[in-house]
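This report concerns only the one structure given below.
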Amino acid sequence: MASFDSNHVNGVSYTDDDATSEGSVADRIAELNRRRQVTFPNKRTIERRKPRRWPLVLRFVKGAIHSNIAIAAVLHALFTLLVVCLDLYVNVRADLPPSIVPSLSIVVGLMLVFRNQTSYNRFWDGRNNLTTIITATRNLTRSFLCTSYKTGQDTTDAERADIERAVRILMAIPSSVKNSLRAEWGAAWAPITKQDFNRVSGAVTPRLNPDYAQLLPLGLKGHEEEGLALPIELTALLEGFIKRGHDRGWFHAPGTSQLTVQVNTLIDAYGKMETIRYTQYPVAIMIHQRQVLALFGAVLPLAIVEESHWWSILIVSLVMFTLYGIEAIACQLEDPFGYDKNDIKMDAIVEDARTELSVMLNEWRSCNDGPIKKQMFVEEI
């Protein structure tokens, strides 16, 4: 077991004289704080949760859906104003029994509850499947870095390059899933320029975008224009690495099977996210729901104008604001992979996962390429 030197902490060395000298403790703490990196697991995901300056009840812009329902609420308010004016000044009586409102309220409430719950399930399932993909990449990265060698034999430079290539592909998979679900086809490659053409052969050498340049193999050609999504293409490369590792004697048969299961789990989660993304809410339900909401908003002022008069405008506006707001929230949640304020924070989650895997890869490389930083991959600790 590795010994712990109290005079050598986080790369800062101290002598016994320093430990007993005046002010050494304060200097030691200050030095440690200066050298500490301002980062932690899931840093970007957590930092996006900013402290609220205002109570949620007073928020009307960021994260709110008021702009989506303002027109509908105003139209119902104007219709109610017309009904009130006809009732007070033209003496046109609606004569609708107030008992009709509870019956319609039950129907509207059930429809909105069903729609909202279904949409939130899509949001929640999308987040869980993204976690499944991140977990699979963590498991595969750990296995590749810790078990890709044969006991008693040193790995060659080519084999180490193959391991690093596989891990970098794993780092690229969450980003490729994010771009694919957002229909950002070709996001891994930079636009073609004159420098990409070979004047002799006429061939085109694809260039990778900065986000992918350090992750994907040089010269990798995408097939998205042919119908093959980049995440699926990358999993094929991973499966090839697992086969090579088995042939080299790195992975025994049960271990190879477990690695393949992780790849299959990753593809399964991606397929479920595709289902959420490309399965639209049935248009018949959406049409009928909007029509029922409009009908309820038209009947409500006719039923309450006799008793409420001018107050009917405020009452109808607040009621329709509430109902249309619930429906607007459902519309945002049913496709949770975009850029809306209420969507899954995929950019932050993907970047945190990439940082995590990058640290593991750097630790693994440090075992042979330089001084061991934290002895993560040393056999005898």
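Glycine is no exception: its Cβ is also placed from the backbone N, Cα and C atoms.
Under the heading transmembrane segment, TrEMBL lists 69-90 (among others). Proximity of distant same-chain residues to the transmembrane segment (69-90), defined by a Cβ-Cβ separation under 8 Å and at least 6 residues beyond the stretch ends, is recorded for 297-298, 300-302, 305-306, 309-310, 312-313, 316-317, 320-321, 324-325, 327-328.
The transmembrane segment annotation in TrEMBL covers 96-114 (among others).
Summarising the annotation, TrEMBL assigns transmembrane segment to 281-304 (among others). Residues 72, 76, 79-80, 83-84, 94, 96-98, 100-101, 104-105, 107-108, 111-112, 115, 118-119, 312-313, 315-316, 319-320, 323-324, 327, 334 of the same chain lie 6 or more positions beyond the ends of the transmembrane segment (281-304) yet place their CB under 8 Å from a CB of it.
According to TrEMBL, the transmembrane segment annotation covers 310-331 (among others).
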